[in-house]
Structure formats: C-alpha cells, structure tokens
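Novice: If you scroll down you'll find the structure; I have some questions about it.
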Amino acid sequence: MFRALTLQLCLRRVALKSVHSAPLLEGHCLPRMGRARPSLRTFSTSRSQTGNRGAGLPTVWKLSLGGAALAGGLLLTQLSIEWPAGSWMGRWGKVFALQKDASLASVQDGKGSSLQQKMERELPEEKAQLAKAPNVPPPIQRRHPARVMVDLNVIVKELPIDDTSTYEFWTFEEAVPGPMIRARVGDLMQVRLTNRDQSGMYHNMDFHAVLGPGGGATVLNCSTDETKTATFKLTYPGLFIYHCAVDPVSVHIANGMYGLLLVEPEEGLPPAEKEYYVVQSELYTEDEPDTPNSSLLPFSIDRVMDERPNYVVFNGRVGAHLEDNPLKATVGDRVRMYVGNPGPNLVSSFHVIGTIFDKAYRDGSLVNEPARGLQTLMIPAGSAAIVELDALVPGTFTLVDHSISRIEKGCVGFLQVDGEARDPELFHSKDGPAPCPGCKIHP
C-alpha cells in the first residue's frame with residue numbers, strides 16, 4: 001500500500017513581456033523572478049523514511065520536478081509523488097508536466113531550442129495518404145502521431161461536366177473534388193501549396209480542421225509559381241472540408257477548389273469492406289459557349305450571386321457514377337461513404353434510395369456518437385458527413401439529393417451491389433424489375 005501520494009498542480013499566468021524561471025518548491029508555484037532565460041529543470045529523486053522511524057514503516061522514494069515558465073502561457077506544474085521503493089509504481093512511476101498546447105508556447109531547454117520544436121523534430125515523417133474521388137486513402141495503421149507531409153498544386157484544367165460540355169476548373173491536383181487527405185488526430189500536418197495558375201490569380205487553402213486564423217488560408221496565400229508551407233496540429237477527429245478562401249470565396253469554391261480531410265481518432269475506425277469519397281457540388285455556367293464550335297462553357301457570376309446553379313453533381317460532373325462507372329459492393333459488405341458538401345450555396349439532403357444508414361456521423365464529427373437508422377441526412381454547405389450502410393440485397397441503389405428536382409441538374413449516382421440475396425424476406429417479388437422509360441434513378 002502507498003504511504004503517501006501527493007499531487008500538486010500549480011498553474012500561473014505569466015506576463016507576455018517577461019519570462020520567469022525558478023526551481024519549484026513543494027506546494028508552491030514558480031515565483032516571479034527577473035528576465036532569466038527559462039530552463040527545463042530535471043527530475044530529482046531522494047530516498048527517505050516516512051512517519052515514525054521507530055514504527056518500522058517502509059522506505060519510500062520521493063520525486064520532485066523542477067519547472068519553468070512558459071512564455072505567455074501556463075507554467076509547468078509542480079508534481080511531487082511519494083511511493084514505496086519496491087512497489088510497481090516505484091519501478092514504473094511517471095511524471096507529467098502541463099503545457100498550454102493550443103498557444104504553441106515554447107519552453108527553452110539548456111541549448112536554446114524550444115520543447116515544442118524538439119517534440120516536432122522527434123515525430124516520424126511520412127507522406128500524406130491521398131486519393132482522388134471516388135477512391136479513399138487506406139486506413140492509418142500507426143497508433144502514434146506523425147508529421148504528415150501534404151504537397152498540393154493548384155492547376156487550371158479543362159474537364160468535362162457532361163457528355164457534351166466542358167468547363168475550365170480551378171483544381172487541386174487536376175481533380176474535382178481535390179484529393180482526399182487521410183491523417184490521424186495528434187498529427188502535425190505540413191502543407192506545401194504551390195500555385196501553378198498562370199492567370200495571376202492568388203489561391204490558398206482553408207482547412208475546417210485547423211485551429212487558427214483563416215483555417216490556414218492566411219499563411220498559405222500564394223501568387224503564380226509561388227509556394228507556401230505551413231504546419232497545423234490536427235486536434236479533433238472527424239471529416240472536414242477544405243477549400244480555397246481567396247476573395248470572392250464563392251467563386252473559388254464554385255470553380256472546383258475543395259476536398260475532404262479525414263482525421264481518424266487515435267484508435268482508428270472500425271473496418272469496412274468498401275469506402276468511397278463522394279462530394280456534392282454546384283456549377284454555375286452560361287448556357288452557351290463564347291465561341292462557335294466550342295464545348296467550353298464560361299463561368300456565370302450572376303448565377304453564383306443569385307444561387308441558381310445549372311448543374312448539381314456528385315464528384316465534379318454529371319454522370320460521374322452512373323451505369324458505366326457505379327460505386328460497387330458485394331452482398332454482405334459494410335459500405336462507408338465520406339460525403340462532403342462544399343457548396344458554395346446549397347444544402348444537401350443526402351439519400352441512398354433503397355437503403356437505410358445504419359450509422360450517420362452528422363457534420364463529420366467522430367467525437368459524438370453516430371445517429372442510427374437514418375433515411376436522409378442533411379449536410380449544410382461547408383460541411384461533411386460519414387454514413388455507413390450494409391449491402392444486404394443485390395441490385396442498383398441510387399445516390400441523390402432528396403431536394404429531388406436536382407436529379408434533373410445531374411445530382412444522381414449509382415451503387416451497384418452484386419451477389420446473391422441472403423435473406424429473401426427483406427425484398428421479394430415474383431416479377432423482375434421493370435423501370436419506367438427514361439427513368440434516371442431506377443436503371
């Protein structure tokens with residue numbers, strides 16, 4: 001049994017204009033001293049007796065922690081622990097110091113480098129897991145944080161928006177949506193953005209997962225052929241939108257500058273046989289090309305301002321996932337979809353005809369418990385959601401925005417489930433399927 005266990009946590013704000021350091025006294029906070037350079041004091045231990053020496057009480061180890069002030073933030077804390085020398089805690093005791101992590105305040109070691117920088121240097125580096133829609137990067141296998149390197153290029157590219165028309169998109173990595181990024185909570189995400197748009201337009205990135213001004217946009221703002229680099233700590237698990245935030249933001253989003261960042265929780269996500277990346281977005285174009293014999297539709301600023309898209313699509317174009325390129329699964333699969341809605345204007349009523357969402361993580365939050373048994377999920381502009389369903393019946397299942405007139409603007413896709421039915425009571429008819437002529441949702 002422990003004879004004594006004393007935990008003393010003392011926090012104290014320090015004025016921004018001075019940094020103080022001194023040894024911690026047991027039970028006291030750091031005193032206010034002059035402008036001495038802060039140092040991280042070492043641990044010290046001493047062997048002593050507790051209680052009455054004549055009582056035969058066991059020898060204990062007593063550990064004290066020195067401390068230092070954090071510039072502009074919380075002080076390191078006093079932690080004093082006593083335990084029997086032969087106990088498990090005596091062998092494996094740990095001491096923790098508190099730091100104001102959100103402010104990235106630094107504590108200087110004896111060599112003048114900051115504790116924060118030292119921690120960052122010691123993290124293993126790895127290239128970010130990226131994938132273009134509808135593919136999803138593989139799950140994170142590690143169970144520790146890392147420095148994750150994300151290299152992205154802004155490239156203007158003409159891409160099809162349906163079978164007859166094209167559009168000049170502003171893209172991340174020549175894809176609409178931009179690549180999906182997969183990381184883990186606690187990771188330091190280092191973003192290196194290069195602007196290869198030769199028009200002279202500025203571009204940047206606003207990550208909804210980032211804590212700080214502009215979600216990172218203010219430090220990633222770059223002109224033609226310029227590269228900007230910044231590092232952000234990922235503090236919340238979930239599915240987050242990223243997008244360009246150069247003024248006017250609606251124009252940059254409407255032109256294709258968006259994507260999703262998945263931040264896995266520390267324990268990772270449960271396995272799923274199929275994972276897909278799906279983004280609903282809007283296109284605002286003129287009705288006809290500017291020049292004869294051209295398929296290129298020009299951008300319409302009036303339609304954006306009036307919130308009147310002439311296209312609403314999944315994954316960048318009409319028909320991205322119809323009969324010739326459906327999402328696929330097999331009976332018995334767990335299907336997880338990472339669904340984003342960058343807008344810029346519309347709210348999505350995401351629905352998959354013929355299924356029920358067994359789990360739905362509203363607003364992409366992996367902190368809150370998922371909703372269960374949902375038919376339709378509301379995804380506001382600038383948000384995302386994770387939905388999971390079980391493929392129990394073979395056939396074609398249709399992704400739609402249940403603001404259903406948007407089907408006529410292109411917002412429809414298919415999930416094709418192959419295999420044999422396992423429970424005939426779930427879905428049974430003596431007659432085979434007979435879709436109505438010209439039907440867009442029941443092939």
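Each Cβ is built from the backbone N, Cα and C atoms, and glycine gets one as well.
OK, TrEMBL features for this one:
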type	residues	note
BINDING	His203, His208, His243, Cys244, His252, Met257, His402	Cu cation binding site
DOMAIN	160-267	domain 'Plastocyanin-like'
Novice: I'd like to know which of the binding-site residues His203, His208 has the most other Cβ atoms within 10 Å of its Cβ.
Specialist: His203
Novice: Within the domain 'Plastocyanin-like' (160-267), what mean pLDDT does the predicted structure show?
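Specialist: Its mean pLDDT is 98.
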Novice: Would you mind listing, in sequence order, the residues at least six apart from His243 (Cu cation binding site) in the same chain with a Cβ closer than 8 Å to its Cβ?
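Specialist: Looking at Cβ-Cβ distances below 8 Å from His243 (Cu cation binding site), excluding near sequence neighbours, one finds Met205, Asp206, Val249, His252, Ile253, Met257, Tyr258, Gly259, Pro342, Gly382.
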Novice: Sequence gap of 6 or more, C-beta under 8 Å: which same-chain residues meet both conditions with respect to Cys244 (Cu cation binding site)?
Specialist: Val154, Trp170, His203, Asn204, Met205, Asp206, Ala217, His252, Ile253, Met257, Tyr258
Novice: Using CB atoms and a 10 A radius, I'd like the single residue among the binding-site residues His252, His402 with the highest neighbour count.
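Specialist: That would be His252, with the highest Cβ count within 10 Å.
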Novice: Provide the three-state DSSP residue tally for the domain 'Plastocyanin-like' (160-267): helix first, then strand, then coil.
Specialist: 13 helix, 46 strand, 49 coil
Novice: Neighbour count, 10 Å Cβ-Cβ cut-off, for Met257 (Cu cation binding site): what number do you get?
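Specialist: I get 27 for this one.
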